[in-house]
């Protein structure tokens, strides 16, 4: 594992307010710096990282330290202001690296450039030659203003590397949703000593390498399991509640249906008398009952009647039904029919009472017909 001290230079100019990187260039840069700091410290526990701003006075926010929490807390206090002074910032970072505690540490500067570099190319090349002599590697993340800066920064990095050198890198990132994702797959994190650290967050469960931080990975796994159990419990409760509501509504519906059915049965029972047991009646009683039903105008049919006969009755001529009804209301006609029926005694008390009622009904109907004709 490579022992290395790294100074991270962040761009905090007014250009960092732009939103071509979500949500802004400044916040996208913060996420990328977070990844860089963790990558360097995890690659070797003895590695140190420092933080410096490039705008205005090039302020050193933190000196070299293995404490990434301290670095990130300072990083989130950075606010956009002024313009960057690239060459000055690189010189200050180089000076900070000279004061590193581990003299056997290699020196590296990682610079984020998200605004136009106003230094001319000649000054950049001169600075690169000096850094190469001091064996300082520089990685540059060029984003936001790549059209303006790419040519200058390419000359700077090529001078650092020389003909055969590969220690310094220039990564140009076009506008997009994530600066950090582009940085993860870049040679800056996957280069010398950083092969393990070039893995993206999607390559590990919960974005954490279990071998690097087993306690954090375990805590995240337990937290996710608890969250899954809570969601399943909430889903079961919701299903039980909906089932309970459906269970309450269903008996209510059945009760209302039963009540409606009982009401209909009661109406049928009180609206007309039930059918008598014809098998227990004598022939005279059956004839008397038939005549009584005819007088009341109630149609009577047995449940065992043939369907074809009933359909024929439904489709019969209305005029014919009216004639049959008039004939059945004629007492003399009925008397003659009863006398000709075998086994029927016309002098039976039940038959005579029905015939008397029929005669009186016919008399009333005749009077009513006369009154209606007189009114006309």
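Count begins at 1; order follows the chain as displayed.
Note: Cβ is positioned from N, Cα and C throughout, glycine not excepted.
As written in Swiss-Prot, here are the features:
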type	residues	note
CROSSLNK	122	SUMO2 cross-link
REGION	197-262	region 'Interaction with UBQLN1'
COMPBIAS	224-237	compositional bias 'Basic and acidic residues'
MOD_RES	250	phosphothreonine
MOD_RES	253	phosphothreonine
MOD_RES	256	phosphoserine
MOD_RES	360	phosphoserine
COMPBIAS	364-376	compositional bias 'Basic and acidic residues'
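In the predicted structure, the region 'Interaction with UBQLN1' (197-262) carries a mean pLDDT of 65.
Break the compositional bias 'Basic and acidic residues' (224-237) down by DSSP state and the numbers are 14 helix, 0 strand, 0 coil. All chains included, 11 other C-beta atoms sit within 10 angstroms of the C-beta of residue 360 (phosphoserine). Distance from the CA of the residue listed as 'SUMO2 cross-link' to the CA of residue 360 (phosphoserine) is 136 Å. The local packing around residue 122 (SUMO2 cross-link), expressed as other Cβ atoms within 10 Å of its Cβ over all shown chains, amounts to 9.
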